[in-house]
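In what follows, a single structure is set out as structure tokens and then discussed.
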Amino acid sequence: MKPVIALVGRPNVGKSTIFNRLTKTRDAIVADFAGLTRDRHYGNGKLGSHEYIVIDTGGFEPDAASGIYKEMAKQTRQAVAEADVVIFVVDARAGISAQDHDIANFLRKLGKPTVLTANKAEGMTEGVQFSEFFELGLGEVLPVSASHGQGMRSLVDLALAPLHLADPDEEAEPQDPSVIRLAVAGRPNVGKSTLINTWLGEERLVSFDLPGTTRDAISVPFERAGQKFELIDTAGLRRKGKVFEAIEKFSVVKTLQAIEGANVVLLLLDATQGVTDQDAHIAGYILESGRAVVLAINKWDAVDAYQRETLERSIETRLAFLKFASIHKISAIKRQGLAPVWKSIVQAHASANRKMSTPVLTRLLLEAVQFQQPQRSGMFRPKMRYAHQGGMNPPIIIIHGNSLEHVTEAYKRYLEGRFRKEFDLVGTPMRIQMKSSHNPFTDKDSA
């Protein structure tokens, strides 16, 4: 599982700038789970072979008693609880403050691995200028400048060092390709637990309620109609009764990690609430992760015809990037519409792992070009020669030719539609990559 790093510090020390630096390798795909005045932001990052999740928080005042600062303090405590390691950010130019001491006291009591870093340190020399930060009792301080990109690699190295991470290639155990790893994702109270209770039965659900840390992968194997599945915990799977905040607060990270570990994600929406920002963020994360996806609208029986029509239009606009996914209207509590969902899950998994031969891909490509040529860009018109498969789950198609950097996104979508139709690809994203051949004449002219 990906390690989780929380950025903590008082307001305006540059946490968000550090967050953007640490997540830039994955285009800073941010899951901004709305609902509070200042909530936690989640993003993906990568350093060498190691990937991680970063949580950005609001300014932290541990003893805040009311208003926005109380909410921000609550969010920061939850971020720290979710994290494997904390990066405590202070301001190198402003120096140490009473708030810094309060935060340090809070972190020391937790005993969680913590890296102390002084941001805005550009142009400052190490030594006496940073000695005051030793008062915080958190060891050495690492000077960085997020705005200039200085010290970021050292910062992540220090953060990940206490976790003793194995090489991802060595850590990964071979998975049985016949088993579908399924994650049920969705915001709180959309009916995840009700749906899974219906699938597995109450006795099986108990096995999810195990003690463990954020990085524990909890899953339950089961079989349906001869197909083996492994259901990955997304932190909505708990016994009936009171759901304590200490449990609920892990839901976001576990959802992101479950999506990463799944073959297929069932994204559950609430018909009575419509498509929320949080739904759209989770859907975007699924797409960015390249996972096959099935949409299910729960509580369909609880809305009238007008609400249904409004919801369908909302899905068409707000989740347009998932138009390749099957959509099902269900009622988990009444067990209505569930059987077709299984068929779509199996179909999405098969589509994500479909093998496509080079001769067929090339034929489809040339037929598509003959029917509609790519748009000319100045003196250049892209020339496409052949295509082959570059990967599965999700399917990747690599197209070779000349001047392919001028191919528009609209034309790529046109090609994607042709490939999808031929290979019956439903429920999986597709990646199309363009590779232009070496042109010695162009190189010669530019020399």
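Each Cβ is built from the backbone N, Cα and C atoms, and glycine gets one as well.
As given in Swiss-Prot:
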- 3-167: domain 'EngA-type G 1' (DOMAIN)
- 9-16, 56-60, 119-122: GTP 1 binding site (BINDING)
- 180-353: domain 'EngA-type G 2' (DOMAIN)
- 186-193, 233-237, 298-301: GTP 2 binding site (BINDING)
- 354-438: domain 'KH-like' (DOMAIN)
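Per DSSP, the domain 'KH-like' (354-438) is made up of 32 helix, 24 strand, 29 coil. DSSP gives Asn12 (GTP 1 binding site) a coil state; it is part of no helix or strand.
A gap of 27 Å separates the Cα atoms of Lys192 (GTP 2 binding site) and Thr57 (GTP 1 binding site). Note on proximity: of the binding-site residues Asn12, Lys15, Thr57, Ala121, the one nearest Asn189 (GTP 2 binding site) is Thr57, by Cα distance. Lys15 (GTP 1 binding site) sits 28 Å from Gly186 (GTP 2 binding site), taking the CA atoms of both as reference points. Ranking the binding-site residues Gly9, Asn12, Thr57, Ala121 by the distance of their Cα atoms from the Cα of Gly186 (GTP 2 binding site) places Thr57 first. Cα of Asn12 (GTP 1 binding site) to Cα of Trp300 (GTP 2 binding site): a distance of 45 Å. Rounded to a whole number, the distance between the Cα atoms of Thr57 (GTP 1 binding site) and Trp300 (GTP 2 binding site) is 36 Å. Neighbour counts were taken at the CB atom with a 10 A radius for the binding-site residues Asn12, Thr57, Asn189; the maximum falls on Thr57. In the three-state DSSP assignment, the secondary structure recorded for Thr57 (GTP 1 binding site) is coil. In the three-state DSSP reading, Asn189 (GTP 2 binding site) counts as coil.
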